[in-house]
Amino acid sequence: MALTPGWGSSAGRVRPELWMLLWAAAWRLGASACPALCTCTGTTVDCHGTGLQAIPKNIPRNAERLELNGNNITRIHKNDFAGLKQLRVLQLMENQIGAVERGAFDDMKELERLRLNRNQLHMLPELLFQNNQALSRLDLSENAIQAIPRKAFRGATDLKNLQLDKNQISCIEEGAFRALRGLEVLTLNNNNITTIPVSSFNHMPKLRTFRLHSNHLFCDCHLAWLSQWLRQRPTIGLFTQCSGPASLRGLNVAEVQKSEFSCSGPGEAGRVPTCTLSSGSCPAMCTCSNGIVDCRGKGLTAIPANLPETMTEIRLELNGIKSIPPGAFSPYRKLRRIDLSNNQIAEIAPDAFQGLRSLNSLVLYGNKITDLPRGVFGGLYTLQLLLLNANKINCIRPDAFQDLQNLSLLSLYDNKIQSLAKGTFTSLRAIQTLHLAQNPFICDCNLKWLADFLRTNPIETSGARCASPRRLANKRIGQIKSKKFRCSAKEQYFIPGTEDYQLNSECSSDVVCPHKCRCEASMVECSSLKLTKIPERIPQSTAELRLNNNEISILEATGMFKKLTHLKKINLSNNKVSEIEDGAFEGAASVSELHLTANQLESIRSGMFRGLDGLRTLMLRNNRISCIHNDSFTGLRNVRLLSLYDNQITTVSPGAFDTLQSLSTLNLLANPFNCNCQLAWLGDWLRKRKIVTGNPRCQNPDFLRQIPLQDVAFPDFRCEEGQEEGGCLPRPQCPQECACLDTVVRCSNKHLRALPRGVPKNVTELYLDGNQFTLVPGQLSTFKYLQLVDLSNNKISSLSNSSFTNMSQLTTLILSYNALQCIPPLAFQGLRSLRLLSLHGNDISTLREGIFADVTSLSHLAIGANPLYCDCHLRWLSSWVKTGYKEPGIARCAGPPDMEGKLLLTTPAKKFECHGPPTLAVQAKCDPCLSSPCQNQGTCHNDPLEVYRCACPSGYKGRDCEVSLDSCSSGPCENGGTCHAQEGEDAPFTCSCPTGFEGATCGVNTDDCVEHACANGGICVDGVGNYTCQCPLQYEGRACEQLVDLCSPDLNPCQHEAQCVGTPDGPRCECVPGYAGDNCSETQDDCRDHRCQNGAQCVDEVNSYSCLCAEGYSGQLCEIPPHLPAPKSPCEGTECQNGANCVDQGNRPVCQCLPGFGGPECEKLLSVNFVDRDTYLQFTDLQNWPRANITLQSSSASQT
C-alpha cells in the first residue's frame, strides 16, 4: 500500500483506527490460511499422510492442534514452528525424522502433548524442551535414541507421561530425570541400558507406571539400590531382570538379595560407572584408541551418537545399519576415514558427510544403496578413496563427483547402472583407478563418450563390459569402436532381470512401467502375471495398483510405499497372501481402498495395516480369519467400510471395532459364529450401531443355529463350564514348517535351505538342525533374545565375522556335523554370554589364537571328530582347554605324524611343535587360494562366504573360470540340441538337433505325419520323432489295421441277457421278452393294455403287470367289491383315560371317571391322597417343560 506524501494534510494522513482495522484484517488472513495438501477445521490443521518431506509453511498462527504424522519428514529445523504460540497438540509420529534442532519448540509455550514416536531420532539435544512448561505428555518411543543427556528434559516441569521405550539407550546421565517430580508414567523398556545412576527415580512420588524390562542390566554393587527401590514398589517395574553377571542372569532384580550385588576386583566398589555426553565418549560396545573408534561387527542398527569429537577414523563395517541420517558425521571435523561396508544401508541423507574437509577415505561397499542424493559428496575436497561397489545403484548424476578433484580410486563395481551421462568423471582430475565392471551397461549411442574416455584414460581395470544390445554383449567397453555405439529402434535394449527405467541426467525420472505390467495414466495393471511378490519399483505417480490374480504369498515390509504418495487404491485380491509383515504398508497414508479378498489370511493384527492412516475401505472377504480381537484394527480410525464376509470367524472380542471411529458399513455374513457368552456383547452392539449388512447368524450351539445375532436374547449367549476362559487373543507367530511353544521354535529335519518366514522376534531357542543350510542365515542377527541356536547336521562350509552379530544373550551354539574347515578370527566376537560351543564333527584343522577372546563365559567346547593339526600354531588351544577343562577329552590330533591320535586335553603343551610349514591341504582350508583353484589364468580371492572367488579373464566364467564364453554360452539350442560354436559374425553357432526337431535352433517339431500308415480312416497325430493313429470305433492296432470284436465280453453293450450280433455297422442286441431299446436296457410298458377294474392303478413289471386296488376292493384285477360294515358304536372312536370306561348314553359316548379324575376323557388329575410317608407325585409327558406351571392345594384330614 502506497501512502501519499505530506503527513500534514488530511488526504495523506492515515488515522490510528484505520491502522488497527488493517492490522486485524491481515492477522485474520494469516490465521485463516491453510497449507497446501492440508485441511483446516477451526483450530485444527490436519496434514497427516500427505507425503510431506518437510514442515509446511503458512501454518495458521491460531492453530491449537497440528497433525503431521504419517509423512516423510526427515528433519525439524529451528524455525519450522516459529510463531505457533497457541499450539497445544503436535503429532509428528511415523515420519523419518533423524534430527531436531535446538530451539525448534521454543515458541510453543502452551504445548501439552507431543508425539515423536516411530521416527529415526538418534540423539536428544539438551534444553530442547526448556520453554515447554505446559508439556504433560511426551512420546519418544520406537526411535534410535542412544543416550539421555543431563539437561534433556530441563524446563518440562509439568511432564506426567514420558515414553522412551524401544530405543537403543545405553547411557543415562546422572540427573537426567531430576526435574520431573510430577511424572506418573515412565517407560524405559526394550533398550540397551546396563546401569542406572543411583536414586534416579527417588523424586517421583506420583509414579504409577514404570517399565524397565528387556534391557541389559548388569547387577553388580552399583545397581543394588534399584533392587530395594523396586521392592518398595511391588506393582511397578515388573519383569525387570539381570543380564549379568552369569550367576544372576535371568533373575528379577527385586528378588536379588543385597549381598548378591557384588563388585569384583580391587577398587571396583568405589568406582561409580558414569557416562558423560558433553564432549562425546567411546560407545560401550566399541573400542577406542589413538583416535580410532572400532565398532566392527557389534550388531549395531544405527550409527552411535555422541562419539569422541577428536576421532580421526571410525570403523562401522559388518553391522546392521540401515540408514545414514542427516548430519550423522558433521560434528566430527577431524575424521579422515569412515568405513561403513557390509551393512544394510539403503538411504543416505544428502548432508550426512557435510563439513568433513579432512576426509580422505569413504568405504560404503556391500550395502543396499540405490540412489546417491544430490550433493551427498559435496565439499569432500580431500577425498582420495571412494568405494561404492556391491550396492544397487541404478543411476549416477553427472555432478555426483564434482567436488572430488583429489579422488584417485573410485569403485562402482557390481551395481545396477545401465548408463552414465557424459561428463560424469570430468571433475576427477586425479583419478588413477576406476572400477565399472559387473554393471548391466546398455551400450547405445548414449554411452559412446565412455568408450572414448576409457581409450584416452586407460584407468578402468575391472574389465567393464556391455550387457546389451546382443551384438555387443560381453564385449569390453574400452575396446569397442565408437561407431558400434548406436541407437536403433530395431534393437532390443531390455536386459532380463532388470526394471525398465526412464532415466535422465538428474536421476529423477520415474520408472516407465514394471516388467510385464501395463501402465495407463496413473493406473498400473499387474494382474494375472503369476507374480510371487510386488514389483520393487513402481511409478511414483501411481494412483491405482492392480496386483490381483497373482501368486503373492507374503507382503514384506520393504518401505516401497513411502515414495508412492499419490496411491489411492491397492488390489491384492485372489492371491495366496497368508502373512503380512508388520509395517508392510508403512508410508501408504494416501491409500483409501485396500482389497485383500480371496487370500489365505488366518489372523489379523493392527501392525499389518500400520501406515494406512487414510484407509476408508478394507475388503477381507473370503479368507480364513477365525477370530477378531481388540488389536485387529487399531489405528484404522478412518475406515468406513469393512467386509469380513465368508471367513471362518467364530468369535469377536468385546470392543474389537471400537477403534474404527468412522465405521458405517460392516459385513459379517457367511461366518460360523459360536454364539456363546463371549459373543453376548456383539448382539447388543449390532442392534445399537445399525451398521451391519444383512443378518449375521449363529452356527453354534445347535439350539441357536441360523438365528440372527441381533435376535438372540442376552441370557441365551451361554457358556459351558470352563469356556469363559477362551476368548480371541492373537495367536503367537510361528512358521508353517516349524513347531512353536512359547519362545522355543523347532524347525528340525524340514529340508530347509533358508530361514522360514514368520519366526517370532522374541524367540529364545531356535532349532534348525538336520536341514540343508550352506550358510548361517543372515536373519539370525535380528533375533536379539536368542539364547540357543542349533545348526547341527547341515551343510555349512564357512562362517563370516558377522555370522553371529547382535546375539549378546546367546548361551548355546551348536554347529556340529557340518562341513566347516576354517573359522574366521572374529566369528564369535560379542558372544560374551556363550557357555557351550559345539564344533564337533567338522573338517577343522586349526584355530587362530584369540578366536575365543570375547567368549569369556565359555565353559564347554566340543571340538572332537575334527582333523586337528597339532603343531605350534595350536599350542595355545591345548593350554586354553586345560584351564577349567573346557574340552571333555574327546578331541584328538590328526597330525603331524608324531602327534596323531593324541588327546588335545592331556597332551603336554610343549609337545605342540613346528618342524616346517603344515601341508598344503591344511593351509588351504583357511587360505583356499594356495591350491590355485582358478583355471585359465583366473585370479583367486579369498571370500568369507564362498571360501574363495575367482576373477575370470575375458572369455571365461564359472566358479573356477572353467567355462569358456562363446556364442554357445547362452544355450541357444532348444529341445536338447547340441551347440557348436563357429567363428564369424554371420554364423556364430550351429545346432545339432535330436530326432524329431529341426530348424536353426531346433525349435521346430518335424511333421512325422507326412508319410503315415494309418489305415481304415485312422487320423494321424504328430508326436516328437513319431506319430500315433487315432482309430475309428470298429478298428484298433498301431495302424488301425485290426477289426474290433464289439461283442467280446469286455465290449458287449447288450444288457439283461440279450444276445449280441456283430454287423458291419456295429453290434446289434436281440432282447429277451420284456426289454427293448438299442442295448435292451429299457423295459416294455405292459400297462398299455391292462385290465385293472374299479379305478385300480396299473403297476408295470418285467413282462407283466399288477393292479393296485382302491380301498375295499380285492382280487387280481380288483374285481371283488367291498363288504358293508356293521353299524359303529358311539364309543368306538372315544379314548377314555386313566382307567375310565365309555358308556353309550342316548347314542352319545360318555367317560365314567374313577375317583380323583375329571374332564371329558378323564384326563385331569383333580385330587390325590397321601397314604403314607413315602407317597409321591409323578408327572409324565409334560408338554411345556422346562416352562410348565404346576399348582397344588393341600389339606389334611384333621387339624392335628
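Note that Cβ sites are derived from N, Cα and C of the backbone, with glycine treated the same way.
According to TrEMBL, the feature signal peptide maps to 1-32.
Here TrEMBL flags 927-962 (among others) as domain 'EGF-like'. Summed and averaged per residue, pLDDT over the domain 'EGF-like' (927-962) gives 81.
Sequence-distant contacts of Cys952 (disulfide bond), defined by Cβ-Cβ distance under 8 angstroms and a gap of at least six in the same chain, are Cys934, Asn936, Gly938, Gly958, Cys961. Among the features that TrEMBL reports, disulfide bond is placed at Cys952-Cys961 (among others).
Using DSSP to sort the residues of the domain 'EGF-like' (964-1003) gives these counts of helix, strand and coil: 0 helix, 11 strand, 29 coil. Under the heading domain 'EGF-like', TrEMBL lists 964-1003 (among others).
If you look up TrEMBL, you'll see Cys993-Cys1002 (among others) marked as disulfide bond. Counting every protein chain shown, the Cβ of Cys1002 (disulfide bond) has 21 other Cβ atoms within 10 Å.
Per TrEMBL, the feature domain 'EGF-like' maps to 1005-1041 (among others). Across the domain 'EGF-like' (1005-1041), DSSP helix (H, G, I), strand (E, B) and coil residues number 0 helix, 11 strand, 26 coil.
Cβ neighbour count for Cys1040 (disulfide bond) (all protein chains, 10 Å cutoff from its Cβ): 21. Annotation comment: TrEMBL describes Cys1031-Cys1040 (among others) as disulfide bond.
Cβ atoms under 8 Å from those of the domain 'EGF-like' (1043-1081) belong to residues 1033-1036, 1102-1103 of the same chain, restricted to positions at least 6 beyond its ends. Positions annotated as domain 'EGF-like' by TrEMBL: 1043-1081 (among others).
The disulfide bond annotation in TrEMBL covers Cys1071-Cys1080 (among others). DSSP assigns Cys1080 (disulfide bond) to coil in the three-state reduction, outside any helix or strand.
The annotation domain 'EGF-like' is assigned in TrEMBL to 1083-1119 (among others). Counting only same-chain residues 6+ beyond the ends of the domain 'EGF-like' (1083-1119), those with a CB under 8 A from a CB of the stretch are 1073-1076.
Within 10 Å of the C-beta atom of Cys1109 (disulfide bond) sit 20 other C-beta atoms, taking all shown protein chains into account. The disulfide bond annotation in TrEMBL covers Cys1109-Cys1118 (among others).
TrEMBL lists 1127-1163 (among others) with the feature domain 'EGF-like'.
Taking Cβ-Cβ distances under 8 Å and a sequence gap of 6 or more within the same chain, the neighbours of Cys1162 (disulfide bond) are Cys1136, Gln1137, Asn1138, Gly1139, Ala1140, Cys1151, Cys1153, Leu1154. According to TrEMBL, the disulfide bond annotation covers Cys1153-Cys1162 (among others).
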Exercise for review: Can you check which residues sit near Cys1080 (disulfide bond), meaning Cβ under 8 Å from its Cβ, same chain, 6 or more apart in sequence, and list them in order?
Suggested key: Cys1054, Gln1055, His1056, Ala1058, Cys1069, Cys1071, Val1072
Review point. By a Cβ-Cβ criterion of under 8 Å, what residues six or more beyond either terminus of the domain 'EGF-like' (964-1003) are in contact with it?
Key: 471, 474, 936, 955-957, 1023-1026
Check your understanding: Looking at the disulfide-bonded residues Cys993, Cys1002, Cys1031, Cys1040, which has the shortest Cα distance to Cys1109 (disulfide bond)?
Key -> Cys1031
Practice item. Pop the Cα-Cα gap between Cys1031 (disulfide bond) and Cys1118 (disulfide bond) into the table, whole Å please. Key: 58
Review point. In the domain 'EGF-like' (1127-1163), how many residues does DSSP put in helix, strand and coil?
Key: 4 helix, 10 strand, 23 coil
Review point. Which whole-number value in Å describes the distance between the Cα atoms of Cys1040 (disulfide bond) and Cys993 (disulfide bond)?
Key: 31
Revision key, fill the gap. Cβ neighbour count (10 Å, all chains) around Cys1071 (disulfide bond) is 20
Review point. If you draw a 10 Å sphere around the Cβ of Cys1118 (disulfide bond), how many other Cβ atoms fall inside it, taking every protein chain shown into account?
Key: 20
Review point. Once near-sequence residues are set aside, which residues in the chain of Cys1031 (disulfide bond), 6 or more away, have Cβ atoms under 8 Å from its Cβ?
Key: Cys1014, Asn1016, Gly1018, Gly1037, Cys1040
